[in-house]
């Protein structure tokens, strides 16, 4: 057949006798002209442009869209393309009905399609390169196209073509579209004036695009790129070459930053507050505030959602159309809409387009809600943070708002609200979807459809019920796991003590008990999860069964394939919203609760504005500036107190405030302060604090010294009275200089508070860095030696996530922080409590007397060290919340002789100590611990993760391929380990039941296809029907049962695996050598028990289930389609390759982004809890603004990571969805051309449609599983650790019950090392200790004193020599027996949470009398008696409710309770005050008179009266004799030690 433009079966086609324009053929040819014109003009420009693309400068302006009507133009062009497709299809369909080829029917349409595509590409290039003049070409094209189309339309009207004809409609729509595009073009000219005007408009790109740091381009790219996330390609592909880091994802665009959104939400919330201001019982509504701040994007998202849902119904309708068209193909020459839509190929293309559009809208809807959710979370976090900074301290300390609650608000409630936002469009979209679905079903199947729908609707409440149960189970699981973590944390903190006392099993069982409870609630959780999965899989089967069985028995007509498969596909659509609805409702309920909690928090008490230190200080400045000179001269400064009081009481005399500047910095008059309970903690306080001098506050423990400082800082509730701050420090000439820090007080709290930051950041605390000052401060606090020990010097991270420092080190850093700040007033709350004498003196001399006094700073010092009283310029003595005395030491000496004498006796005691001993031993010990923790850095890094090798391979010279392979490899080995830890039987059961279930489900659909596509011969129908229905019912029943079995086995397997992994991990860790705990940071071990265990418990099983399910569904679908139409396999190859690459790239990027999201979340949460803990310090320093800034930065960092992660998910889903659409198209086309019968065509299409839903789940779950397997890997890395050897050569029964009875110790040629690859720390030590002797061990730091004490307990490796106690070599004993028979008091007093009884005797072996006796010896009896519950009084975590001294005494009592004839005291007096120390000394002499006591000396003076002294040096025993004999040796080491510490 020859080709000709107007066909050659009609001679009159080329006849123009009636005028050129009356000829249809000519008009069609004329329509080609504009398209060809556009192609000719634009192609050269595009090619030249693309050639010189490299000349474009800033990459970002690449995405800068600035022509008006930009989005409208894209939408119109897309519509135009769609109409062109219809025109082409219409032309081709009409052409097939002609005798010869009529090119004019479709050629112009094809050219139009090409031209429209070129126009948008051309436009995009012009816009990004900013050459508006070139738009003229497009302008001309739109005019020409508009004119030619109009001519064609007019021509149709003249010819009287009816409206119902498709051609007429298409042409009409085209005219409108071209007209609109022309209008858009004219608008660009009007606004930008790039032609026909004298002065073109200048434009600048938005701020975000000028900032090269902004990498998140979603808001700035064009519609196509927005819809397909094309701009993400660079990031996702680059992730393959190098890991995505924070630099790669840049910063948030301004509109999404937390600050922007905070301002929005805050304004809305303030509006709500105003509304309810006059109604006291109503609280402002956060919901309305959220709606007014974030309502619009949610509406937009809902619109997208509705569009997507409506397009979703195109699937079933097209299936039904295709299957019907397949059954009856007819021929007709006239194409009306109806005819056109009956063409199967047209339907296939329509299905394809509908799917693409539906998926695009759906993803757009998801994206918009995600973005809004993230914005909301940022705003909420900022609101919560601002509130935290204003919370009243009493609120925090009295437990109205605990730290835990605040952390929950930050970590849980804000996320709940964010998730609710993600899901909320579902709330109003789903009902519509369900109603539409039911209507369509009713149209297809009549009444029987309602039966199926009823099954679904009736089972939906069960889903909801299961969902609520799930939430409950999860909550109880969370409670148990918190409890378990608390216990684990205590074990790890006190592991040394537990091992020395052989108590690890007691504590281990207590953790295991909690774990069992946790597992029980996990079981409930797992059961409900599997039920929910089961319901989701079984409901559609049940509904379909009910419907078809009803249909078979109620209808006369047999079931047609078209009906069957369309309704199947509808049921699949219906189930999703019903399943999700329960989740959404649950989230809505949670969100309501979260909002209540938030509201309570936002309305809770705030701290009062202490205006003299803050708020209205500006007034004060002004008045001072004017009047300073005058007043200081005019009024006598040394006024009696009375006048000063009066001048303060009357606010009118504001100007007189700066008067007493020189003498008084702060004055409290008639102060009654409380901690929010209404009872005054401090009463009748009248004190003054002189400017530029040192004031000391002294008094017994608990008499309110610290509270006084806090009251002055405005942290307590003032019941009555006032705190006055004098305003200006006269000594500074310039006001401006002093203004910056005038109201800030450098405050070092009693409990040291560190930031999770470097040492340097902790000390300078946001002040400018001044090297000289910094050095002076670190020297004054003698921090330099400690800093030198740290692996990165003062750039080492400390705090929760960094290296754990000891109490003294932390305290010194806090003092250093207070000294470094440039403030007039310094408050130090008991800075010496954790320091030894040597350090305290150094700090006093260098730091306080020298550094602070030189700066003329006002210092208030709370202390127990009375020997420093002579240095004080002013002393305030406190007792029971009242001021006992105030004045200089002289005043007190004259007025209150008794008090002075009392002090003197205490001071004498302390002074003797001073003379005897200035050895900085505790510090050196701390440094030793630090050194021990530091030097095995290398082994720590090995332990941390075996998978670090991939990082090391990233050296530049290394070939990239290995890195890529490692980054894209799934951790199959770990997966296998995980699966097998649940047991092989369960693994086999799971695999088997999974395969069986999917085969049955495929069989059900296959049966349906054969049943419906049978030739329906009437006479056999009834028999056949019964047979078919029976088989169908049996299969469906089997499918439902199998659904239940599979979902249960997966969860069951997951549980078993979780149980075994945790059990092994706990036992491995608890039995680990002490060295392991010195080397591994506590946080790291805890992480295995918290985050990683949680992932193994709750996240891996559902991910695994989902992954296997979606993979098997996709495979069975592909198998089914290929069975129906084998040609499909050919088309599958390119699609498969595309899919492989998409998932490969996505997995790598997703893993990185997920890690970024996790790693940025932690600092944010830490920052919140850190702020809540250090509130008083931050407020005293007045650093709120800096902390807010930091919070905003951290929030934005986390949000950008999360945004990118969700954008990457969208990127993947859009791509897999488009792939799915391609699969549907190929399946449809191949089955139409090749298909055996209509039933199988329907089946193929149905399966193709399910693939689109499950493809992205396969990839998402793979990526999730890969990340989650990291947890299993980390746990496994600990399971390969060596344990201590607990079995001895002797059986425990062979050891005498009362061994060691005498307490005789022989040390024979002892050599000790910490690990077999390290140097020995003790070398050939020989000594003999008689029963009942008191032995002192001393030596310089690092001489091996502590190692010797550990050797008694075999905590270290004794590789030569032996220790014999009462005739038994300890290396032969089982460890448990050995350690349970000796006692030790450690330097750090450790108490566990529980009762006092539990702390003294966790094994519950002793009688109460015995315990009381022990407490009496330790002089704690009266205190314990006064506690509620006596022996059963509770000890809080870490013994926080007792002072350090009391804790040490408890440890002494604990050692006494264990009636062991050998007691070892390892520097037990290092961290306690004089009084406690004296008690200890006395007890050792009396209560332990008959026991052998080995004291490792912290101060040499303590062992002067010992029976025998061992002096160690560098691991060798150098001297051994009584102290008096040793002192006779002039040049002996002992003599030198004693002398140097005089």
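The backbone N, Cα and C atoms fix where each Cβ goes, and this holds for glycine too.
If you look up TrEMBL, you'll see 944-959 marked as compositional bias 'Acidic residues'. Taken from TrEMBL, the feature domain 'ABC transmembrane type-1' applies to 307-590, 1014-1266. TrEMBL lists 666-905, 1305-1539 with the feature domain 'ABC transporter'. Taken from TrEMBL, the feature region 'Disordered' applies to 936-960. Here TrEMBL flags 32-51, 72-93, 105-123, 135-153, 165-184, 340-358, 364-385, 434-460, 525-553, 565-589, 1027-1050, 1112-1142 (among others) as transmembrane segment.
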So which of 32-51, 72-93, 105-123, 1112-1142 is most in touch with the transmembrane segment (135-153), counting Cβ pairs under 8 Å?
32-51
Considering pairs 6 or more residues apart, do the transmembrane segment (434-460) and the transmembrane segment (565-589) have at least three CB pairs under 8 Å?
yes
Mean of pLDDT values spanning the domain 'ABC transporter' (666-905):
81
Which one, 32-51, 105-123, 525-553, 565-589, has the most C-beta pairs under 8 Å toward the transmembrane segment (72-93)?
105-123
Which one of these stretches, 32-51, 165-184, 525-553, has the most C-beta pairs shorter than 8 Å to the transmembrane segment (565-589)?
525-553
Cβ under 8 Å to the transmembrane segment (32-51), counting only same-chain residues 6 or more beyond its ends: which ones?
107-108, 111-112, 114-115, 118-119, 121-122, 125, 129, 134, 137-138, 140-141, 144-145, 148
At a C-beta cut-off of under 8 Å, are there same-chain residues at least 6 beyond the transmembrane segment (165-184) that contact it? List them, or none.
69, 72-73, 76-77, 79-80, 83, 86-87, 90, 139, 142-143, 145-146, 149-150, 152-153, 156, 334-337, 340
Sort out the residues at least 6 away from either end of the transmembrane segment (525-553), same chain, that have Cβ-Cβ distances under 8 Å to it, and list them.
441, 445-449, 451-456, 459, 462-463, 466-467, 469-470, 473-474, 477, 559, 564, 567-568, 571-572, 574-575, 578-579, 1001, 1004, 1008, 1025, 1028-1029, 1032-1033, 1036, 1039-1040, 1043-1044, 1047-1048, 1050-1052, 1054-1055, 1098, 1101-1102, 1105, 1109
